[in-house]
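What Swiss-Prot says about this one:
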type: LIPID; residues: C24; note: S-diacylglycerol cysteine
type: LIPID; residues: C24; note: N-palmitoyl cysteine
type: BINDING; residues: C80, C83, H84; note: heme c 2 binding site
type: BINDING; residues: C148, C151, H152; note: heme c 4 binding site
type: BINDING; residues: C454, C457, H458; note: heme c 9 binding site
Amino acid sequence: MSRKVTKYSAVLAVSLFAAALAGCGSENKEGTVGTGPGGVATVGDTACVQCHSAVVDPLTGESIITQYTRSFHYSKGVGCEGCHGGGAQHNGVGPLPFPLAGQSEAQIAARCASCHNGVIAPLSSSPNFVNGNHANPFGGEEAKENLCSRCHSHEGAIFGAQAGFTGDGNILRNAAYQPVYPQDPETFNVMTCATCHQHGGAQRQVFTQISTAGVPNSRRTVAWDPNRNSINDQYDLCTSCHTVNTMTGTLIGSGNVLQIFTSNAVGSGTKSVTTAPFYHNTRWFRTLPSTHYDFPESKTTASGTTIEGYVIRRNTANPCFDCHGHEFQTNTRRLAGADRPNTIFLDWGQSAHGGKLLQAKVAAAALASSGAAEVDDVMKAGATDATAPGWTHYNWDDTASRGACQRCHTSTGASNFLNNPAGYDRTGAGNSFTHLAGWTSSNKRSDQNELLYCWGCHTKAGTGELRNPGAITEVYPGINSTSTGTTGLDVTVSYPDIKGSNVCMGCHLGREVGDNIKAITDADGILGFVNSHYLTAGGQLFGTTGYEYATRSYANPAFFQHDKIGTAAAPGTGTNGPCAGCHMTTPTSHLFLPVTKDGTGAITAITSTACVTCHAGTFALTPEGLTAEEEEYVASLEALKAALAGKGILFFNAHPYFYRDTNANGIADPGETVSSNAFTNWAGVYGLALWQDVMGAAFNANLLIHDPGGYAHNRFYSKRLIWDSIDFIFDGVLNNDVTAAIDAQVTAARLDSATATAAKAYLGATRP
């Protein structure tokens, strides 16, 4: 038999010890007689235990019955016969429908796969494991070496865990700690299900060795418990090889003392962080904290931070399965390469949802010196305001100051909202961030920040199962201010059920819509700008977010289909709605980009299958054509900004976004872009009766400037909002003089002629 077949068979064979969840086998461990899997009557666990209590784990010597009683299967009432079939014909010597011994590899594999197929038992998916790195290590010969076998072989992992050969490099490199294996490592095998799981499926216990400093002969073996919760849990098991911190809490790294830059309102400097050496402490991609730790010390502004890595929820039941399931193959050592096939993890690490964190890590590694210095530099690299302001700019988990933002700027808030939109507390009071360093129920703040992690959108990363908020009904709160005497009513918008894309809608609908302005009562039209917030593509898609001028129609043309992508109304575009249909039907689905771009921002390829499916033949899209439309869209917004500047309303891309042009030069000068100079006198442009229409033009500009894909999401809606806003703000009348309005900005030197030409090409000579 080939070695490959033997390995595959061994992987699946051992998983028989954990083969059934409720519903797979029908046998009850309490002894109720019935028909078990295989059609043979059952006799109950008591009869099995009578003979098999003396059978022991061949590597640890522990009773398999003792192991089984610690398992999830036992606690859920799935007994021996749930895997092995009814025992009425067995009696110690007779047949069992599904015995372990004497069966062919194909029979054993088929039996295990009946439950461990990624569907019935999604958290224990045998196919994912078989195709992952644990069953297929990069260097198979590492399993044959005495020291390396601790984490690169089945037997070595079990023997080492039992002997307390677990911890940082100081332990693993110390000959006194190394166990004497009862068999030659040359006979060791690659990892199987039973490397981590005992008979019945419970996690194996891991031990380490500790000693008291200065006390001779004080070394002793204790349970490996780096999250210090006195529970044998998944964090303990996984970090026994993928070590994050020592038993005393010291961060794993190169072993050097890191200097972490910090800055706050008082001043700036560095803070020292001691690391313990990992065994592989000279390559960043072999040291887990290089990507799985966020330094709370790294405050880069009074309120912002650098996010150096993912924060593990250490004390939850499945902290590693939050993202990995049994996949175990990330391929994140580099950004690309034929020898590193694409994975969801590779995509996410380069995406905006992931703060482009992996790009920062790979770039730091490329510039670093080799060895421990590489590990240090990569550990300190991270997402910043330059690449990920939505995650780094504020301390989003600070409930007192940012609770209302947590729904979309933290994974915790996003997951809680998507689980129960109607019951979600908008103040953030119901969000717990106890997995972040220093966050408690009393202070409710931490200097670590989250990105949008897998578990923010998914309930089960192993299967990709999404959270299910249902169709989103968004309540946009009314605008009220006692200081300006402003009152406003809530605006409620019910969006259609778009299946998996409902998850996206949870954060891409904006915080205010144009109708919020119309719902305001204000005595003098002097008030702060109503801000749509960022990336409101879902609202644009369904034509609900903009400020719509009276007498003008904003209904989609009959042939408009973008809001139907991913539904039965648009065959061939998927079943998960328009957001997923366009942004996730690409070879790099979790980059969330339907196109690729070069370094200049030009579109080089259209990768979304939805785009290609619909835009064929006469309506085929080309990268060049789409790039031109994007450029013209941006130009039209520049024209709108110029028209607003002509009325003394300057746009600057920082809250509150619109400022007074105090020197009437049409340029947002540094001294003008301060909050004390915010534009507030909307009635001063065309009178009190029209103040809402004036703010509406500014609202539409801000809305679409912050939707860079607005030219594609719903180009008809976007064009009409821009057209009407320019039309009105130019002379206070809706009279379709947009071409003249744009030309006037060129004459006034607020817009260059090339941009004006592109804007007119995008909007056309008549209202879209």
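Cβ coordinates come from backbone N, Cα and C, glycine included.
On the structure: features taken from Swiss-Prot.
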| residue | record | contacts (Cβ under 8 Å, 6+ apart) |
| --- | --- | --- |
| C151 | heme c 4 binding site | A157, G160, C241 |
| C454 | heme c 9 binding site | D322, C323, W348, A461 |
| C457 | heme c 9 binding site | A414, S415, L418, L466, R467, V503 |
| H458 | heme c 9 binding site | G464, E465, L466, R467 |
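Summary of the heme c 9 site environment: with the site residues C454, C457, H458 set aside, the chain residues having Cβ atoms within 8 Å of the Cβ mean position are C323, Y453, W455, G456, T459, A461, G464, L466, R467. Between the CA atoms of H84 (heme c 2 binding site) and H152 (heme c 4 binding site) there is a gap of 30 Å, rounded to the nearest whole number. Of all Cβ atoms in the shown protein chains, 29 besides its own fall within 10 Å of the Cβ of C80 (heme c 2 binding site). Of all Cβ atoms in the protein chains displayed, 29 besides its own lie within 10 Å of the Cβ of C83 (heme c 2 binding site). Annotation note: C457 (heme c 9 binding site) sits in a helical segment as assigned by DSSP. All protein chains shown were included, and the count of other CB atoms within 10 Å of the CB of H84 (heme c 2 binding site) stands at 25. Cα of C148 (heme c 4 binding site) to Cα of C83 (heme c 2 binding site): a span of 34 Å. Annotated pair H152 (heme c 4 binding site) and C83 (heme c 2 binding site), C-alpha to C-alpha distance, rounded: 29 Å. The candidate set comprises the binding-site residues C148, H152. Of these, H152 has the most other Cβ atoms within 10 Å. The DSSP secondary structure for C148 (heme c 4 binding site) is coil.
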